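Annotation comment: TrEMBL describes Gly137, Lys138, Gly139, Gly140, Val141, Gly142, Lys143, Ser144 as ATP binding site. As annotated by TrEMBL, domain 'MIP18 family-like' applies to 6-76. As annotated by TrEMBL, region 'Disordered' applies to 85-120.
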Amino acid sequence: MTIAIAQILDQLKRVKGPELTGNIVDLGLVSEIVAQGDQISFSISVPPQLVGQLEPLRAAAERAALATPGVARAQVTLTTDQAVADPAPQPVRSAPTASQADALPPPMQKRTAPAAPVPGAKAPVPGIDAIIAVASGKGGVGKSTTSVNIALALQASGLRVGILDADIYGPSMPRLLGLSGRTQSGDDRMLIPHEAYGLKVMSMGSIVDEETATAWRGPMVMQALTQMLRQVAWGELDVLIVDMPPGTGDAQLTLSQNVPLAGAVIVSTPQDLALIDARKGLKMFRKVDVPILGIVENMSYFLCPDCGGQQAVFGHGGARSEAERIGVLFLGEVPLVMAIRETSDGGKPIVVADPDGEQARIYQNIAQGMWTRLSEERMLAGGRG
Ligand SMILES: Nc1ncnc2c1ncn2[C@@H]1O[C@H](COP(=O)(O)OP(=O)(O)OP(=O)(O)O)[C@@H](O)[C@H]1O
């Protein structure tokens, strides 16, 4: 049965606006409705200052949408700024100044500056002391593997740690941490994170299926991530690691602007190409004033399981020399080891699968270096050290 969008809109007209006047459709608050099979998703734009109080509105819209014939599931989110990440139509953006344009990496030059952050988006998340992004300039360099092992190493050192899988189109955490089942919400409607090896975990992969997420447009992605950050019963955390989507495009920039990041770590392979992309990542975080805590070189060399010999499969040492050149801390080299891939794919990352082994020690040193750097940054910024 094909879902008629007009019928959904008719149902949604029964839902009053945030100020209890008019209805959400006529007020122009409903985004494009994306339908896939019997599932639909859309967002409702609401004033940022009211977002915490409008769960009843969201729930009413969800109920109304589900009353439409043929709709079996409805994913409804509240957005606070329609313009932030909507790729079409393009948001009105101010042009960069000449010096800003010069400072941008080549593919972004001559393009417009990103939209302003959502008001309040940089406010701290209650209970979370520090949020750290792990990013990469391109996909497949081992960002998620590095994120989860760093998180587990921090946790093993006694910190309370969470991990947020912000890679909405290719979430890795369910596989890396052996998670299954959907995230539930509690009585207070806060999402209850999964727990794995002592980590609190939120992943888009535990909320919607990949097909639904792939159909989402910019504002819905941003809103889903905001929800995954702010409407979660994290409890008290010393640190939340955010596994960023790969790349340095507008989506990543918007995310970096809208999450109160204490710092960022860049993962790169030694290949020239990956390094060039990593440089873009560095520039992106600098542009939004997020301190770079360091660079990790992943798949640095191949460690032969039989002879113990090392081979520089992708060249070697590129990230270290690049870090030195640009004055960023080099956090460490992770070799290309079968055991890292096998443990990751097996749902038990190497830091917990072999906590006393050589690879775990490498991740522990990286985590420690990153944590020390964060304390230094905070002291420099006059915050808590
Ligand atoms: N040091 C390593 N040694 C061996 N295999 C590794 C290592 N790091 C990552 N891998 C493997 O490489 C693949 C890609 O890693 P991962 O998913 O962490 O990359 P990613 O950068 O997060 O990818 P994506 O861009 O898809 O999000 C996985 O199969 C992972 O197990």
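Count begins at 1; order follows the chain as displayed.
Cβ coordinates are placed from backbone N, Cα and C, and glycine is handled just like the others.
Recorded features from TrEMBL, shown on the structure.
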residue: Gly137; record: ATP binding site; CB count, 10 Å: 26
residue: Lys138; record: ATP binding site; CB count, 10 Å: 19
residue: Gly139; record: ATP binding site; CB count, 10 Å: 12
residue: Gly140; record: ATP binding site; CB count, 10 Å: 12
residue: Val141; record: ATP binding site; CB count, 10 Å: 24
residue: Gly142; record: ATP binding site; CB count, 10 Å: 21
residue: Lys143; record: ATP binding site; CB count, 10 Å: 26
residue: Ser144; record: ATP binding site; CB count, 10 Å: 26
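Taking Gly137, Lys138, Gly139, Gly142 as the candidate binding-site residues, the subset whose CB lies under 6 angstroms from any atom of ligand 1 consists of Gly139, Gly142. The DSSP breakdown of the domain 'MIP18 family-like' (6-76) into helical (H, G, I), extended (E, B) and coil residues amounts to 25 helix, 17 strand, 29 coil. When averaged over the domain 'MIP18 family-like' (6-76), pLDDT in the model lands at 85.
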